[in-house]
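Student: Let me give you the structure first, and then I'll get to my questions.
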Amino acid sequence: MAQLFELNNGTMQVKVSNYGCTITSLSVPDKDGKLADVVLGFDSLGPYLKGAAPYFGCIVGRVANRIKDGKFTLSGIDYALPINKPPNSLHGGHNGFDKVIWDVAEHKQGETPSITFKYHCRDGEEGYPGDVSVTATYTLTSMTTMRLDMEAVPENKATPINLAQHTYWNLAGHNSGNILDHSIQIWGMHVTPVDQNTVPTGEIMPVKGTPFDFTSEKKIGSFIHEVPGLGYDHNYVLDCGDEKLGLKHAAKLKDPSSSRVLNLWTSAPGMQFYTANYVNGVVGKGGAVYGKHGGVCLETQGFPNAVNQPNFPSVVVQPGEEYKHSMLFEFSVE
């Protein structure tokens, strides 16, 4: 049964569901200590269960992002996946990890509250090979820091695995309009350019001198109109960040109105920077209407379509090997 659980350490409060490991609400203080909910979502689980959410707050898998034409070949076998975002397969198919009920393995209160979800994905589920055991743990590691640890172990067949956390952030508050005034710095000197169907071409392109250059902090809206298509929806190669706790600095997002800052650290090689281009009139929490660019996703990940791109870091995991992906969300004001 789909339920909501709370993590609260007295300063920040997170609500998360066992349906898709979905963060439905996350409240952190601004410069005056005033709490606001900084993630897009719904007040109840109903709309998530009905499929009204464009991946709000969830963990996506077995393979995040796009697989070209929903096809790949592994160990000499051709696999065909659901084409749920024509002409490609997106975020694990029609019923990916975001649309299943996970088991709650552990829920701890106290100074560092945490919750651990587990899911057993069957051989052939959404077209993917082999059984896979997956766990995801959200922990409030300090007053304004949340950590997510994702692990997956294939049991009997090699399989691509690439999990991503798909929260839409708006540091001014989920109901405060678009994020074009937020500034962002991304510790990536390259992106993987895409074709007309948003699938990487295989090229790895330097961002210098392009609208994709966020190597120094800039407003998201500065060059968004120069980006082909509706906005940013691109994978950054995280190749120049400092390290902390074994994780690389991926991005720093800042809202000028509240002075809230989110620093994101990750163990993944890439990050999809997505400016909610396809969100259009979704009625969310408290009746707020979420429009285009109403939030920003910072989805750390393996590169999109890596299973079909030999020059991208491999996302294939062998039976008995462990896939691991950790993210640290560090909130502050400045």
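Along the chain as shown, the residues are counted starting at 1.
Glycine residues also receive a Cβ, built from the backbone N, Cα and C atoms like all the rest.
Heads up, here are the entries from TrEMBL:
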type	residues	note
BINDING	N65, R66, H166, T167, Y168, D233	beta-D-galactose binding site
ACT_SITE	H166	active site, proton donor
ACT_SITE	E299	active site, proton acceptor
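In terms of burial and nearby residues, how do these features look in this structure?
Tutor: The Cβ of Y168 (beta-D-galactose binding site) lies under 8 Å from the Cβ of V39, L40, F56, G57, A276, V279, Y290, G294, G295, V296, C297, each of these being in the same chain and 6 or more residues away along the sequence.
With a 10 A radius on its CB, H166 (beta-D-galactose binding site) counts 24 other CB atoms from all the protein chains.
Shown in sequence order, V60, A64, N65, A164, Q165, H166, M271, Q272, Y274 are the residues of the chain, 6+ apart in sequence, with a C-beta less than 8 angstroms from the C-beta of E299 (active site, proton acceptor).
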Student: Would you pick out, from the binding-site residues N65, T167, the residue whose Cβ has the largest number of other Cβ atoms within 10 Å?
Tutor: N65
